[in-house]
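Novice: Take a look at this one; I'll ask things after.
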Amino acid sequence: MPRVSAPLVLLPAWLVMVACSPHSLRIAAILDDPMECSRGERLSITLAKNRINRAPERLGKAKVEVDIFELLRDSEYETAETMCQILPKGVVAVLGPSSSPASSSIISNICGEKEVPHFKVAPEEFVKFQFQRFTTLNLHPSNTDISVAVAGILNFFNCTTACLICAKAECLLNLEKLLRQFLISKDTLSVRMLDDTRDPTPLLKEIRDDKTATIIIHANASMSHTILLKAAELGMVSAYYTYIFTNLEFSLQRMDSLVDDRVNILGFSIFNQSHAFFQEFAQSLNQSWQENCDHVPFTGPALSSALLFDAVYAVVTAVQELNRSQEIGVKPLSCGSAQIWQHGTSLMNYLRMVELEGLTGHIEFNSKGQRSNYALKILQFTRNGFRQIGQWHVAEGLSMDSHLYASNISDTLFNTTLVVTTILENPYLMLKGNHQEMEGNDRYEGFCVDMLKELAEILRFNYKIRLVGDGVYGVPEANGTWTGMVGELIARKADLAVAGLTITAEREKVIDFSKPFMTLGISILYRVHMGRKPGYFSFLDPFSPGVWLFMLLAYLAVSCVLFLVARLTPYEWYSPHPCAQGRCNLLVNQYSLGNSLWFPVGGFMQQGSTIAPRALSTRCVSGVWWAFTLIIISSYTANLAAFLTVQRMDVPIESVDDLADQTAIEYGTIHGGSSMTFFQNSRYQTYQRMWNYMYSKQPSVFVKSTEEGIARVLNSNYAFLLESTMNEYYRQRNCNLTQIGGLLDTKGYGIGMPVGSVFRDEFDLAILQLQENNRLEILKRKWWEGGKCPKEEDHRAKGLGMENIGGIFVVLICGLIVAIFMAMLEFLWTLRHSEATEVSVCQEMVTELRSIILCQDSIHPRRRRAAVPPPRPPIPEERRPRGTATLSNGKLCGAGEPDQLAQRLAQEAALVARGCTHIRVCPECRRFQGLRARPSPARSEESLEWEKTTNSSEPE
């Protein structure tokens, strides 16, 4: 049999085919809302009747008549009495009531016995235990469909924890599909029933304490509004809660003056606002409301009125199609007889085939008389009213408009003031020096303050900084509660936690985190043992005092041995005048006691000496000493570089394993921080041993703040376990601190938010934008670089300062002073022991100083001699020099009036020059020598040989 499809605007000619009453088609409507200022059901039925009767397509003169009966209360007796009044009128269908479940059940039973169609417009009750009559059709969406739609929304939002508030116990049966989904999954659904007082406040407090963010409310419109009012009083209507209403009159609730704009309130609607008659229908109800109920603003057409409107059209459409196949008629029925309507079954079959578009969307029924193939619109409350963000279709399931939902979330941050909980921690958040003179956010500075300014500029929100009360980041207590900033986020007392808050799995279970804005790890901070301060004589440090003493003894021993060996060996004795060719009886030894002491010094200083060893024995002593000094000097140079160019750090531990394997150095971390949680939950053996030590150590090795830990490191034998970022910050400002080993783990800092925060994605995108623009790195350099200590990565050799090698300058200055003093003593000693004194000692010293200052010629005649030289014998006439004499060195001596020195030199040269071809000055004895031919005993010819021919004094 083909499906029946008819538009509402077409009225066929079936109205003329009514047997018993050819001029009317009678329908009965039972209303349980007699008040004019209520749902407008009476008006909606009248509008449907008038619209059908005025349709130009209607053929014939038959018209639709709707008899309205009122129920004063939900009573089975009164309902049965009303039905007994309806049956004799010969109706083709009974509509309603909309809110009387007991009466609706009696009507269904009576209509089923008489085979008269019955249209329900109220939510179904006791679906599992109530027998559905064949003659009963329900235009209201089933609770099963609503249950599946709610489950789809929870899946879309990845909600794993929710709470269901039930106004009646039947809701557990009505929402069976929803409950079954939570039973087969690991998600948690808590159910709370309203008590007889109908006060939802205790239930809401329990939900708040349980930290449940998603609340499903299954109640009528009035109770749903009451629950929302109480939630607002408890501060539970905020951006961290999501409310889902199962009542289909969600769009009729007034919430603009009730809730925060950021709250996520979702509900369903079945109204088809695109229908051609919907605007006229709503305006008519609004006009009637204004005339009779002007004390309360009109919120919109009630669902029951729209369903009754569609029910009238569904009955008319089915009767039209039935009249095309057979002539039907109606006749009066009685409650006292067993007579039934003979065309009732046929009409029911045609009603199940009806397909039309009504005020509540697509109207179609399945074999059970339930509505099918329709869609529920999913609405979300915004500051501008309700907006559709998706729909749930019976056949197609859930389809959400992610773009609309995301854009709405972004709008929630605009011009919104967020409460930021934080903690005083350098350099993340610090009080300004003049914070007493300021108020609000201006009192603070630091990395987090600058980052908040950047985020607020991108996302266009306002914020208020508030310090956490207990001054900790957050750890779980034995009773399951959390302390610190994490606890404030869980209690919804703050919107953001911006600090050095580490992202951990344990915290992620109770709060949400943004993407990390900084990456770090746990490190070890320890004090640097610099040893004693380098002194002026630190150049002596490469050798121990014992080595220096043995070197001095070795020097004295070598000097004595050299002096002794040089005296014993005959090869160190030689003539001071080699020109005498053996005629001189005087022998000289160059290794006097002074020279023996000086020779090792020259070798030790690697400067050499004018004294050259002649004998094999002295050369042996010299070679051994030079080998000794080579090793000593090389070792000294190597150690000097290590001692003076690099300040060695005396650190007794080099890794975390060294720290765990000893007990002399105490170590700990911040109490209640992520580092403490890391060691507490670690399964690594070394970290477990460290946790056992820290947990059992008395007095406690845990500190309350980073500043306390730094002070403990500097003032005691203590190693502090903290994040690498803080380690770097304090090492930049105190050169006595150093990092031991590498990182123990890898983690990140993130912005904390309450679970289910609707703007987490927006903060994620903003943080990524700051990272791409390098703004976070710029802020880190701004607040981390202290500039007091050099970078540890710079391993270039450090230049030596006066504090390192100043002692050698002291030794040099002292040596120069001693040398000057000794020179003066020698000068005075010579003057005092000279036999002839021409001037005083002071005058002589002044003269010498003047010649030194004026840089005069260093060659001058001796002013003082130890003894008066004897007079020279007169030179014979034949040996007197000629007027001009030429020396072999090219110097000329004039014949006329020469000075005495030149005349004497010329005379001596003339004596030597007799019988010689050349003369010269001996380079050793500084006396004149002549080149004279002498017969050689080995050869017959003559040989030339230099021979000293005079005993004259050496030239000056």
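Please read every residue number as a count from 1 along the shown chain.
Each Cβ is built from the backbone N, Cα and C atoms, and glycine gets one as well.
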Novice: Return whether the side of the membrane given for Thr610 in Swiss-Prot is the same as that given for Met845.
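Specialist: The record shows them together on one side of the membrane, with a shared topological domain name.
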Novice: Do you know which of Glu445, Glu454, Glu723, Glu728 Swiss-Prot groups with Gly500, Thr502, Arg507, Ser674, Ser675 in the L-glutamate site?
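Specialist: Candidate listed by Swiss-Prot for the same site: Glu723.
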Novice: Looking only at DSSP and grouping its letters into three states, which state does Asn220 (N-linked glycosylation site) belong to?
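Specialist: For Asn220 (N-linked glycosylation site) - judged by DSSP and reduced to three states - the answer is coil.
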Novice: If you draw a 10 Å sphere on the Cβ of Asn323 (N-linked glycosylation site), how many other Cβ atoms land inside?
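Specialist: Result for Asn323 (N-linked glycosylation site): 19 other Cβ atoms within 10 Å.
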Novice: Compared by Cα position, which of the glycosylation sites Asn158, Asn286, Asn323, Asn415, Asn479 is the closest one to Asn736 (N-linked glycosylation site)?
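Specialist: That would be Asn479, the closest of Asn158, Asn286, Asn323, Asn415, Asn479 to Asn736 (N-linked glycosylation site).
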Novice: Let me check the 10 A CB neighbour count of Asn415 (N-linked glycosylation site). How many other CB atoms are there?
Specialist: 9
Novice: Among the glycosylation sites Asn220, Asn272, point out the residue whose Cβ has the most other Cβ atoms within 10 Å, with all shown protein chains included in the count.
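Specialist: Top count of Cβ atoms within 10 Å goes to Asn272.
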Novice: Restricting to the topological domain 'Cytoplasmic' (826-956), what is the model's mean pLDDT?
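Specialist: Across the residues of the topological domain 'Cytoplasmic' (826-956) the model's pLDDT averages 55 on the 0 to 100 scale.
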Novice: When neighbour density is defined as the number of other C-beta atoms within 10 angstroms of a residue's C-beta, which of the glycosylation sites Asn158, Asn286, Asn479, Asn736 has the lowest density?
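Specialist: Sparsest of the glycosylation sites Asn158, Asn286, Asn479, Asn736 by Cβ contacts within 10 Å: Asn479.
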Novice: What is the separation, in Å, between the Cα atoms of Asn272 (N-linked glycosylation site) and Asn286 (N-linked glycosylation site)?
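Specialist: Cα-Cα, rounded: 17 Å.
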Novice: Determine, using Cα-Cα distances only, which of these glycosylation sites is closest to Asn220 (N-linked glycosylation site): Asn158, Asn286, Asn323, Asn415, Asn479.
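Specialist: Going through Asn158, Asn286, Asn323, Asn415, Asn479 one by one, the Cα closest to that of Asn220 (N-linked glycosylation site) is Asn286.
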Novice: Can you break down the topological domain 'Cytoplasmic' (567-623) into helix, strand and coil residue counts using DSSP?
Specialist: 28 helix, 4 strand, 25 coil
